[in-house]
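**Student:** Before I ask anything, let me first share the structure, which is written out below as structure tokens.
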Amino acid sequence: MAGKEKAVWPPVWAAGAMSGTSFDGVDVALLLTDGVRIEAFGDAREVAYSDADRAILREAMGAWPGEARAEVAAQVVEAAHITAMVDLPDVALLGFHGQTLAHDPEARRTHQVGDGAVLANALGVEVIWDFRSADMGLGGQGAPLAPFYHWACARWIGAQGPVAILNLGGVGNITWVDPSIEGPELPGACLAFDTGPANAPIDDLMVRRGLGACDVGGALAARGEIDLKILEEALEAPWFDLAPPKSLDRDAFSGLADAVSGLSDADASATLTAVSAGAVARGLAHLSSRPRQVLVAGGGRKNATLMAMVQDALGCDVRAVEDVGLNGDALEAQAFAYLAVRVARGLPTSAPSTTGVAAPVGGGRRSKPGARELS
């Protein structure tokens with residue numbers, strides 16, 4: 001593929017693990033990288049949470065350290081990650097994000113459960129974790145965390161001009177990438193921010209009404225009518241006018257549940273899906289130049305109704321990342337493998353244009369099996 005620059009360091013195999021705010025399960029992926037370029041993709045897998053575990057995680061949302069519900073959630077997260085990775089091939093490093101329960105960038109607080117030292121001892125591999133704290137300590141939002149990897153992906157696919165990678169998870173986030181810039185931390189290489197609610201309000205609606213874990217394929221929304229008044233009011237929220245970089249807690253738009261409470265199941269799903277698509281359009285309005293393509297990762301790309309609404313709202317080429325040879329189910333897990341190698345090699349993992357941090361900074365604590373934390 002294009003973008004195969006000469007390696008600065010010998011590439012190593014690393015694993016990355018991600019448990020997102022859609023509560024689907026643990027995504028694990030292997031990546032061969034030198035921390036700058038992508039050399040090769042390895043195996044990827046997802047281990048789904050049980051209904052009981054998913055309920056525990058939902059109950060723990062919004063919890064801060066010290067709360068009993070957070071401790072129970074941590075046990076679920078650690079056990080699921082160990083199960084997902086116990087039989088992986090040997091790797092040099094594991095990048096572990098943990099499960100976000102609460103995120104308040106204005107107060108410089110964030111909470112991901114899951115102890116990297118527990119995983120290091122259980123799996124016998126060095127674990128790099130807690131990627132957000134250093135960034136937030138220097139004034140950053142602590143999120144989004146995948147933009148530097150998105151830059152590497154844009155170069156790997158040989159993008160010839162600006163491209164945007166949109167992740168539609170519980171919260172949506174987008175990275176605008178100029179692949180001609182020689183490093184992701186350099187000015188002009190990346191602009192990244194959360195776009196707003198994505199799958200979370202739709203998923204919560206389905207669970208609340210006993211309709212399942214998600215609107216599979218957007219089939220329910222496709223049968224509904226959009227309530228334009230609710231849509232317009234939702235997209236008038238002041239948050240959408242804030243200049244990036246910016247990040248959002250999963251439940252920041254939880255008031256949407258009350259807004260659609262009087263609608264039928266189909267109309268409620270259609271309206272929330274339109275809000276998610278409209279949030280992406282509001283986000284792209286902050287970009288200084290339009291990307292040639294918007295490549296979509298995350299569970300939302302499997303929602304045909306949401307994808308069609310995003311296409312209509314943006315009016316540019318919108319397609320799933322699989323169309324350019326990437327794995328949308330593994331992308332975020334791969335990102336943490338990539339970031340782990342960057343941390344191990346002293347490279348930045350965020351920059352002013354991705355999180356608002358004062359200067360490029362490398363985040364992440366390091367835990368080796370049977371040893372004290374390294375940093």
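One-based numbering along the chain as shown.
Yeah, the Cβs are placed from backbone N, Cα and C, and that goes for glycine too.
In case it helps, Swiss-Prot gives these features for our protein:
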- GLY20, THR21, SER22, PHE23, ASP24, GLY25, VAL26, ASP27: ATP binding site (BINDING)
- 351-375: region 'Disordered' (REGION)
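What's the neighbourhood like for these features in this structure?
**Tutor:** Sequence-distant contacts of THR21 (ATP binding site), defined as residues of its own chain at least six apart whose C-beta falls under 8 angstroms from its C-beta, comprise THR100, GLY169, GLY170, VAL171, ALA200, ARG250. Following the DSSP three-state reduction, the secondary structure of THR21 (ATP binding site) is coil.
Outside the region 'Disordered' (351-375), and at least 6 residues removed from its termini, the chain residues within Cβ reach (under 8 Å) are 95, 116-117, 119-121, 123-135, 138-144, 147-148, 175, 184-185, 187-192, 245-247, 339-340, 342-344.
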**Student:** Using the centroid of the Cβ atoms of GLY20, THR21, SER22, PHE23, ASP24, GLY25, VAL26, ASP27 as reference, list every other same-chain residue with Cβ within 8 Å of it (recorded ATP site), in sequence order.
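**Tutor:** Sorted by sequence, the hits are MET18, SER19, TYR49, GLY169.
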**Student:** Including all protein chains displayed, how many Cβ atoms other than that of GLY25 (ATP binding site) lie within 10 Å of its Cβ?
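**Tutor:** Around the Cβ of GLY25 (ATP binding site), 19 other Cβ atoms lie within 10 Å.
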**Student:** Which ones in the same chain are close to GLY20 (ATP binding site), with CB under 8 Å and 6+ residues apart in sequence?
**Tutor:** ASP27, GLY169, GLY170, GLY298, GLU332
**Student:** Name the residue among the binding-site residues ASP24, ASP27 whose Cβ has the smallest number of other Cβ atoms within 10 Å.
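**Tutor:** Counting other Cβ atoms within 10 Å of each of the binding-site residues ASP24, ASP27 gives the minimum at ASP24.
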**Student:** Does PHE23 (ATP binding site) have same-chain partners at least 6 apart in sequence with Cβ under 8 Å from its own Cβ, and which are they?
**Tutor:** TYR49, ARG54, LEU57, ARG58, GLY170, ASP203, ALA213
**Student:** Can you check what DSSP calls VAL26 (ATP binding site), collapsed to helix, strand or coil?
**Tutor:** strand
